[in-house]
2 protein chains.
Amino acid sequence: MNREELMFAVRRFAHAPDREGFATLVRASHPSDLAEALLCTSAQSLSALLLLLDPQQRADLFAHLAFSQQDELIALLPRQAVYDLVERMPADDRADLFNRLDALSRPDLLAGLDGVEREDILTLSAYPEQSIGSVTTSDFVAVNSAQTVTQALAHIRTLAPSSETIYSLYVLDDQRRLQGTVSLRDLVVAAGDATVASLVRPDPVSVQAAWPRAQAAELIRRYDLLAVPVLDAGQAMIGIVTVDDAMDIDKQQDANQLARFGGTAVAGGTDLDMMATPLRRMFSVRVFWLAVLTFFGIITSTFVAAQEELLSQAIVLAAFIAPIVDMGGNTGSQSATLVIRSMALGELGLNWRHVLFVIKRELPVAAMLGITIALLEAVLAWFSKGVGVDVLLVVGLSMLVCTALGGVIGALLPFLARRMGTDPATLSSPLITSVMDLVGVFVYFGFAWALLGDQLVGAGA
Amino acid sequence: MNREELMFAVRRFAHAPDREGFATLVRASHPSDLAEALLCTSAQSLSALLLLLDPQQRADLFAHLAFSQQDELIALLPRQAVYDLVERMPADDRADLFNRLDALSRPDLLAGLDGVEREDILTLSAYPEQSIGSVTTSDFVAVNSAQTVTQALAHIRTLAPSSETIYSLYVLDDQRRLQGTVSLRDLVVAAGDATVASLVRPDPVSVQAAWPRAQAAELIRRYDLLAVPVLDAGQAMIGIVTVDDAMDIDKQQDANQLARFGGTAVAGGTDLDMMATPLRRMFSVRVFWLAVLTFFGIITSTFVAAQEELLSQAIVLAAFIAPIVDMGGNTGSQSATLVIRSMALGELGLNWRHVLFVIKRELPVAAMLGITIALLEAVLAWFSKGVGVDVLLVVGLSMLVCTALGGVIGALLPFLARRMGTDPATLSSPLITSVMDLVGVFVYFGFAWALLGDQLVGAGA
């Protein structure tokens, strides 16, 4: 069933609830697809639909719904249904849901759960948003190194229905400290009487629950893991982060980096989100950067205003300010993003060899770009405005220097950002442009004075 | 052993090869870490080190080395060692290596391989770079639906050593068409005499080998898969793409998108790469965009030049052109990246409801930003240049309109890009800036004429 058909079917059931029919549809579809088809369904209809399903199906579907819909449903569904739901949800989604509840509703929810689940929610939700703890699931399987393979597999079979994954298994000591890992692959391939101890890999990669999420994703990606164990401050294992969550974390991190590069980097707290960030914060973060850029602009415009004498002699010079200083920012934007890209892929790092390598690569390209664009601009300026040769020379030379300089400076800025200990994308495109504007007007009027200055002297004499 | 210690150990072995010692080190370390530590080792030393290892260890380590090092080693290692290596390498890395060889070396390599591997390489490497075929591995496990669980597990045990993963298993018919999938989890949990057929999930998600890589990664991420089956044009299954490769593909795609947003989008072929793209292509792609921006700039500057009369009356107007028109680009860059971010996370799509939602969110913020920045600019202009109230009014009002308009236009451009069927990041930051430059000069001089134009009339009279 394709997307269209699924949406149609869902809409039909929303209007005319049919237990058999809907349960069959849910069984036959992937929860991600169903959740997408249900995006536009009202909370009331959604509530009625969910109550048509058995508790496990309901919990599986619920975990995939949009957060805003989950929150609405928690308020609408009958209390017992909410408790069943929360009990059966994956532990990490459950902790997320709990964290989104307001302070009044939380004790209510905890009251309806077993001691085990209650403690689990409290442990996981104690970690701040954006930390590894907030994406950790405690539904992992621990095995005993003294067991045989056959015993371990029997143990796994009983735990499988409530486990996030059984492909990575963990060997813990009495204090729940991580001793090593075993893969299901190794267990299945080994002889039944082999001991788990003979298959355990010691010194496993692990992360701390308090670390930023991105580090869990980084390690999973680097070591091709299916899951990474999460330890608390006392080195006890509290859960795992699975590879599917790691993919989502990476996607978010990269999307956030793009927005930061657009000029919306935040000092602390969550990155700006067009969908969810309150107006106030959206304004305050963005106005900060625009104000910084405004200050840059004032310096630039003050300098230009001081060139009044020169400008009044050759008004046409004013026309070229923007295109020329902009080209520095354009070329700089190109080279900066190419460097940031390579840094993100782990190909460039903060060391002199790499800085020199980048300069070596960018210099010839920036020079060639400068010459080409300068010629283009000069030709176009001639045809469109019929300016004199001296002005053409000023325009051409400025364009050449601005373009080439822009490319090189743009390529170096990401290294500067890393040196300052910040994500390279924080030196955003608008910032690069503003810096090059300032450099550009100095270059432009420098050439203008050098080549046209004598005209003024002559006029004044 | 941490990174420092590993590099030190590796350097020691490179100078004084020691079979036992190096083999132990390799056994105790993760190939990713070893490969990183070996990055600066010369090809000759690396070759000697590899020959200290047994063929399987050698192949595992080799597959993790940087591509440039792999290529150098293929030329340096003894022929038989190369054949052993290639035979044991994972099928997707092998096809990649083959594709990087020049046309003369390829027949040589094929000659030393078995028929099975030869055909495998040729099949996988037939697909273009950037297609799913190029990251497909043929090392998957197929099971027969008529088998019992016990029989299937025995079958899996024999194939495991040479399989990329045994967690996802595939049921094929006689023409190798995909009937369904089974997970190892389901097999391990089921009773030994249950049939595979009772556990098979029909209608599995699959991809075509000719599709772009990004689609395999997208599906793996969307459905939380560990691997996705790859079919050829005749619907026969040729291999799988595993989740670890999907994470790397996603990382590349996102990094490429950032570079495109910086103004380096390509029409076809691979995205620009600061490390590897030849100078010629680096120049031609970038000069294309810079030329487009130059043309935009000429239109803008021609318009400004035509305002000669007004400018000669109020030279100070020239000083504010750049800061004001830039602010439109800055605000537009912020809103555009926020929208692109939400699109990348699947929260916004190409439909009117979302467009209206974005406008509704952006309009108040852009208006508030416009008022604030306009006031800031006016105050700074007053203090730095002591301009008259009328000029302040022109500057303030233009700043307000440019900022607000920039925010709204920037937020809409990604939708326009999607409507045109292209990645939103193609409407790059420099392009947004140039568009807003043009809009900005119209707004600025519009206000200038409206509020100062009477001065000219007076002067002329």
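Every residue number used here counts from 1 along the chain in the order it is shown.
Glycine is treated like the rest: Cβ placed from N, Cα and C.
The domain 'CBS' annotation in TrEMBL covers B:135-198 (among others).
Feature annotation from TrEMBL assigns domain 'CBS' to B:200-258 (among others).
Taken from TrEMBL, the feature transmembrane segment applies to B:283-304 (among others).
Annotation source TrEMBL lists transmembrane segment at B:310-328 (among others).
Residues or ranges marked as transmembrane segment by TrEMBL: B:363-383 (among others). Beyond its flanks by at least six residues, the transmembrane segment (B:363-383) meets 320, 323-324, 327, 331, 335, 391-392, 395-397, 399-408 of its own chain at Cβ-Cβ distances under 8 Å.
What TrEMBL lists as transmembrane segment is B:395-417 (among others).
Positions annotated as transmembrane segment by TrEMBL: B:429-452 (among others). Residues 261-263, 289, 292-293, 296-297, 299-300, 303-304, 307, 310, 313-314, 317, 320-321, 324-329, 332-333, 336, 390-391, 393-394, 397-398, 401-402, 405-406, 409-410, 413 of the same chain, all 6+ positions outside the transmembrane segment (B:429-452), place their C-beta atoms under 8 angstroms from a C-beta of that stretch.
If you look at the transmembrane segment (B:310-328), the same-chain residues 6 or more away from its ends with a CB under 8 A from one of its CBs are 300, 304, 373, 377, 381, 385, 387, 391, 394-395, 398-399, 402-403, 405-406, 409, 433, 436-437, 439-441, 444-445, 448-449, 452-453, 455-456, 459. Applying DSSP to the domain 'CBS' (B:135-198) sorts its residues as follows: 24 helix, 18 strand, 22 coil. Per DSSP, the secondary structure of the domain 'CBS' (B:200-258) breaks down as 27 helix, 17 strand, 15 coil. When averaged over the domain 'CBS' (B:135-198), pLDDT in the model lands at 92.
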